[in-house]
Structures are given as C-alpha cells and as structure tokens.
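See structure below.
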Amino acid sequence: MKEMESRTMEEETHEMSTPLITKDEKVEDSKNISSASSSSSEAIAANSKSEIQQLQETEENSPVKQVALTVPTTDDPSLPVLTFRMWVLGTVSCVLLSFLNQFFWYRTEPLSITAISAQIAVVPLGQLMAAKITDRVFFKGTRWEFTLNPGPFNVKEHVLITIFANSGAGSVYAIHVVTVVKVFYKKHITFFVSLIVIITTQVLGFGWAGIFRRYLVEPAAMWWPANLVQVSLFRALHEKEERPKGGVTRIQFFLIAFTCSFAYYVFPGYLFQMLTSLSWICWIYPQSVLAQQLGSGLYGLGIGALGIDWSTISSYLGSPLASPWFATANVAVGFFFVMYILTPLCYWLNVYKAKTFPIFSDELFTSTGQEYNITAIIDSHFHLDIAAYEKEGPLYLSTFFAMTYGVGFAALTATIMHVALFHGREIWEQSKASFQETKMDIHTKLMRKYKQVPESWFVCILLVNIAATIFACEYYNEQLQLPWWGVLLACGIAIVFTLPIGIITAITNQTPGLNIITEYIIGYIYPGYPVANMCFKVYGYISMTQAITFLQDFKLGHYMKIPPRTMFMAQIVGTIIACLTYLGTAWWLMETIPDMCDTTASNSVWTCPSDTVFYDASVIWGLIGPRRIFGDLGTYEAVNWFFLGGAIAPILVWLAAKAFPQQEWIKLINMPVLIGATGMMPPATAVNYTSWIILGFLSGFVVYRYRPDLWQRYNYVLSGSLDAGLAFMGVLIYLCLGLENISVDWWGNNLDGCSLATCPTAKGVVVEGCPVFS
C-alpha cells in the first residue's frame, strides 16, 4: 500500500474525462484547430493548446466505439484497494454465490446468479462499513501500520469485491465429474481426490493466461464486450451524475429496472411458469406430433416459441444486451441453419433412422427407440464389457444430438482457420513487438504506472498445477483412470487453443468450446475408460475456459485501473474459496437428497439437466468410444466430414473479403461463431436462442443504430438490473416457497405444454404416452 501510494506522487496527473467523440467529430476538431491559426495571437495561445490536447486524448482513447463511450479514461492511484472491507465483502460474496449457484445447478430449471447481484448488493454494505467502522490506525509508525477504515467506500475496492464474486459465479465444470461418478455410475470417488481435480482444473489455466496477457489484454482491439456491462454499472454506482431534463440518472434507471425485474420474476419463476416458453403452436394442435415437434420451444424446433423471462433469455448465451450486433447476427444465422435447415432435412429424410427417436433430445437410444441400458455394458472394473455391448446393440442418438457433434467438429477447424486468416498477421506482429514499446491506448498507458506481475509467477503456478495433477492421476489411478501422458496432452491442447479462442471471445463475446475435440481425442487413444475421458475433457477444455475467464477479469481490472498484482491475488484467492464452497455444497446435496438426478422420480426438482448431458457424453466418448460411434465401427462415421467443412468455410469468407474489399459486411461474418452457434444445445433449447436473438436485435441493432444516446446511457445498466432482479427474486421464491414444497397446480405452470414433441414418428415404434404410427 505504501509503495503504491508513493508512486502516486509523480508529477503527472491522470484525471481525464472520457471523450465521447466519433471519427467525424475528430475531423471537425482538426478543422477547428486549423481555423484557430487565422485568429488573433491571443486566441491561438488560449484555445489551440486545449484543442490539441483534446485531440491527442481522443487519439489515445480506444478505437472501439463501445469502449470509448463506456470506459472512463481516468485514474486515481491514491485510492486504497486492499482494505478490510474488500476482504470481508469479497469473501462473503464469493462463498454466497458459490453456494447458491451450485445449489440451483442440479435443479430442473437451473438458476445462474451472476456477479452483478453481488456487485450491487455490496454497495450499501461497503458504505455502511465506511460510516460505522473505526478509523483508528493500528501499529502507527511501523511497517505493519494499517487501518480498518481508510475512508469512503471506493470503486477500486468494489471492483476487487466483484472479482471475488466472479469466482463464485456460474459453475465449476469439474463438479460434473464427481456427480457423474457418484450419482450416475454409482462408483467410488473420495472427497480429497475430487478436491484435487477441481482446484487444479480451475487454477491450471491461470498459468498460461498470464503469458497471453500481451495479446489478449493490452491491445485495444481486444475489448471484451461483456466487461462493459460491469464497467457501466460501476460508473452508475459511483459517479455523481446530474439528472437530464425529462429523464433519469443511470442509478435511478437501474433501481427502476431492478424493481421491475424483481417483481416480474414471480410470474415465470412461480405463478405462471409457461412464460418460460410460450409454444403457441402446441395449443392450436394439441393432438399433432408434427405440429408439436415444430412448435415446442423446449423439446422441438421452437418455431414461433418465445420466452418472456430473463432467465430463459440469458441462461446459456449470456446477456444479449452485452453482445455486439454482428456477433448476434452470426449466432442467429448459425442457429437458423442448424435448427431449421439441417435438422429437419436430416429428420424427414430419416438419416440414421432419425424418425425412430425424438427430433430434439439428449437421451441415448437403442435401434428400436427405447432408452439404452448403460449399466448393462459396464464390467466390474468400470470398463466397457464388449460382449454385453454387442448383445445390447449399437447406441443411437437423436438427429439433432448427432448434428450438434458434427457442428462442434466444424467449429473447431473453423476457429483455427479464421484466426490464421484474419488475425494471423496481428498475432505475428504482436509477437515481434511484445518486448518493444508500441503505440498504446490511454488505458494501457495508465496501467503502465503500476508494477506488473512477472511472468515467472504464472509459470510457477502452471508447473505446480501440472505436477499436482500428474500425482493425483498416477497415485489415484483407480478412481481417475487418466495416465500421466493424458495430463500433458490435455494441457498442450488447452494452451494451443487459448489464443485463437481468446481472440474470438475478446471481439465477439462468444467462446467456442473444446469439450468435443478433447473427448474425441482421448476416446480414440484410450477407449473404454469413462472417468479418464471426463478428466481429460475438464483438463483440456476447462483449463482453457478458465484462462479465458482470468483474461477477461484482467481486462476488467485494466479498464478500472486496478494494480495488476492486487488483481492477481484476488483471482487466486477467490478461485480457491470458490472451489472449496462448490465442492462442499455439491457433496452435501449428493449425500442428503434421495433420488438425486433421477428424471423418473415424481415431483423431484433435482433432475440435473447439465449433468445428464455430461453423463451421456462420457458414455459416447469414454465408455463406448468414438470409434464405435463416429469411427469405422460406428453408425455416424460420415459426421467426420464436418471437420473439412469447418476448415473450408472461413477460407470462402476470406476470399470473398479480398475479392470485394468495398463490402465491409463480409468481414463481419465470423465462421467460428456462426458454425458454433448451437454449441450450447443441449441442454439449451430453441426458445433460449429465439428469445436471445430477438432481444439482441432490438438492443444491438435498433436502439444502438437509431437511439445511440439511450443505448450508451442505459443498455449495460439494464442488463445488470435484469440479472440482479431475477437472482434476488429467484432466491426469495426458493427460500419462502421451494423449501416448503409449496406449488401452484394449474395449466399455466405446465412448462411448454407440448407433451407429444418427444414422440417418434417411425412406423411401428412403441413409446409410452405416444401414438403408434402404422
């Protein structure tokens, strides 16, 4: 603290306002400077200096318009950061969000409570602590001097508290491994081994995240759109703002929108749950399988289905208000192609016996359309029983499920080709210039005033985590099944893909996943071991995802001018606290709730939708293996052609951009995002996408284009308020009504209302509750 404060005594001051200036306005400013030269000498002396300074500040600001409009170009290095308030509120926020998110994760309608909720809730608490806690200085005059109350609650403390909260937001992916082994396979795994897997997967990516900072954090072009929601909210909560005539301030707008979101969620969350998916075609044709396949938002193609519920809109794809319009448009095109062209075409042409199964399902089937008996093909050593598998017959997937795997193959090769073609030169130039002084925007320039985190720290974290992972996999091989070379291979895959996927995330707010390719690779190399497959996937996929998350937090600290070493500490400590809380909560629930994850149990809300998909994947890629599903011994061998299609698609866009350079819109076609649009399906459903796309269009295109003043002022604040209102009401409903199992039984709480959407249409296939076609 003292060292940091001494640095603030430098001659330079960094108090600069955010210039909201477009390119046209820059030209106008230049004209003004030129015209000033023809004025009197006094006018030149008085005006030209300020105008030139303003122009220079504008040139230093971010070239990304959304960033220039949202992020302040100011810094006050004297603000205290590592305060008692930060530690208390940060730790409480992290523990509380971790507990609640894991608690709701297993439920039929999982509720994800974002860091936005904590970001808002801690403001009055921080201000109360600033007002009431003693400001006495302890150990005054010594090197250990400190105070519990260094002054008013400030924005930098607030940012660090939010970083802690970010660690507890979302989910810990490795919990899936523990849940699937304990609950689905009903095999043994200890708490200690589970903890090693969870901590190492969460922290591993931090090692190479630090190495990629120069590529994904410092360049202004890497702008990370999702961070602008939190930056906008920080400004609304801390900056004094005059109310515009006839309007409201951002904090007033936030409170109004928060109250409305809080009050409204009682309807889709409890009283009228059909608002989650208004599938009106099913109402018109209650006896038609075809109509319900087309119209069901949860179990079909979702034509016309709409969710008037923020949790439906934002649960899987994030906030549509934070997505740039070109990225939203790419997602929309990709979703439309897969959902409304590829899937129906394959289904009605009966590709891979498609009509024998539901058109949209993540279940595993026999050739007769019945649910596959997985336990029958596992031997006593938790390995595939080949004889039993041949007796049961080959495993089949629904058409959509098979196509999503193909799309995942294509998205991977498209990511590699897109980054090489469109960003290869930038990466090469950045690599050459990484140790030289290059042109910086105002944010990078201000951050250079702080002591940076040495790369050796990140390398040490990386090596320690790899060593701990190898030890766990070798010493507890009976539980984890993964050999040491599998750990090294998984880390290699994650490191290679972090940069290209990080670039896409930093520009488009969409993150292509590595889950499919990691399980594909280990499934071929090491088939028949489901736990090894799951572990390889979390080490190869989640370590990369965690690296992206850490980099996004680095960028948030970059925008808010948080000392890098302080940010480093908060991320590490927050991640460790979150891991302990997540695993403790999950373990407690698995030990105490009967029929956990059993979809056949009546009136149970603990159906674990995401864990079910994870379990299915472990069977497909780990237990049975890709060779018997997608290889020469399997049914779906032709799906591998998607790899080639994904590689070709970005080349076509690149060639079109070169052939028609005047057509700027061609460069906005992002094939990894477009092809990987349906990567979250399942468990995401059609209504999640249609509702997200509609709201993204209204915000990112209509309002941004025709009312940019309103978009700039309120867009990200609205996103944060909707998140917070839903989260608080969701928790309140569960605590007051869910714990007592009090429900309202009427047709409005019949989710979707499309009971026939999951029925097969092949002749002679008998499924309970479905008509038999002849």
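From the backbone N, Cα and C atoms, a Cβ is placed for every residue, glycine too.
Copied over from TrEMBL:
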- 1-15: compositional bias 'Basic and acidic residues' (COMPBIAS)
- 1-65: region 'Disordered' (REGION)
- 22-31: compositional bias 'Basic and acidic residues' (COMPBIAS)
- 32-51: compositional bias 'Low complexity' (COMPBIAS)
- 52-64: compositional bias 'Polar residues' (COMPBIAS)
- 86-105: transmembrane segment (TRANSMEM)
- 111-130: transmembrane segment (TRANSMEM)
- 159-185: transmembrane segment (TRANSMEM)
- 253-286: transmembrane segment (TRANSMEM)
- 298-318: transmembrane segment (TRANSMEM)
- 325-350: transmembrane segment (TRANSMEM)
- 400-422: transmembrane segment (TRANSMEM)
- 483-507: transmembrane segment (TRANSMEM)
- 568-590: transmembrane segment (TRANSMEM)
- 638-657: transmembrane segment (TRANSMEM)
- 687-704: transmembrane segment (TRANSMEM)
- 716-735: transmembrane segment (TRANSMEM)
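When each of 111-130, 159-185, 253-286, 638-657, 716-735 is scored by its Cβ pairs under 8 Å to the transmembrane segment (86-105), the top-ranked stretch turns out to be 159-185. With a threshold of 8 Å between CB atoms, the same-chain residues lying at least 6 positions outside the transmembrane segment (298-318) that come near it are 109-112, 226, 261, 265, 268-269, 275-281, 292, 331, 339-340, 343-344, 358-361, 509, 680, 683-692, 694-695, 722-723, 725-726, 730, 751-752, 754, 757-758. Where the transmembrane segment (568-590) meets the stretches 159-185, 400-422, 483-507, the count of C-beta pairs under 8 angstroms peaks at 159-185.
Residues 204-205, 208-209, 212, 215-216, 221-224, 327, 415-416, 418-419, 423, 427, 466, 469-470, 473-474, 477, 514, 517-518, 521-522, 525-526, 532, 535-536, 539-541, 543-544, 547-548, 551-552, 555, 670, 672-673 of the same chain, all 6+ positions outside the transmembrane segment (483-507), place their C-beta atoms under 8 angstroms from a C-beta of that stretch.
Taking pairs at least six residues apart, the transmembrane segment (687-704) and the transmembrane segment (325-350) share three or more Cβ pairs below 8 Å and count as touching. Within its own chain, the transmembrane segment (716-735) is flanked in space by residues 70, 100, 104, 111, 113-114, 116-117, 119-121, 228-233, 236, 250, 253-255, 257-266, 269-270, 310-311, 314, 319, 321-322, which lie at least six positions past its ends and keep a Cβ under 8 Å from the stretch.
Here the transmembrane segment (159-185) has long-range neighbours at 81-82, 86, 89-91, 93-99, 101-102, 105-106, 112-115, 117-119, 122, 126, 194, 197-198, 201-202, 230, 234, 378, 382, 479, 530-531, 534-535, 538, 541-542, 545, 549, 553, 556-557, 560, 562, 566-567, 570-571, 573-575, 577-579, 581-583, 586-587, 590, 596-597, 608, 610-611, 614-615, 618, meaning same-chain residues at least 6 beyond its ends whose C-beta is under 8 angstroms from one of its own. Within its own chain, the transmembrane segment (400-422) has Cβ neighbours under 8 Å at 338, 342-343, 346, 352, 359-362, 497, 499-501, 503-504, 512-517, 520, 630, 636, 639-647, 649-651, 653-654, 667, 670-672, 675-676, 678-679, 681-682, counting only residues six or more beyond its boundaries.
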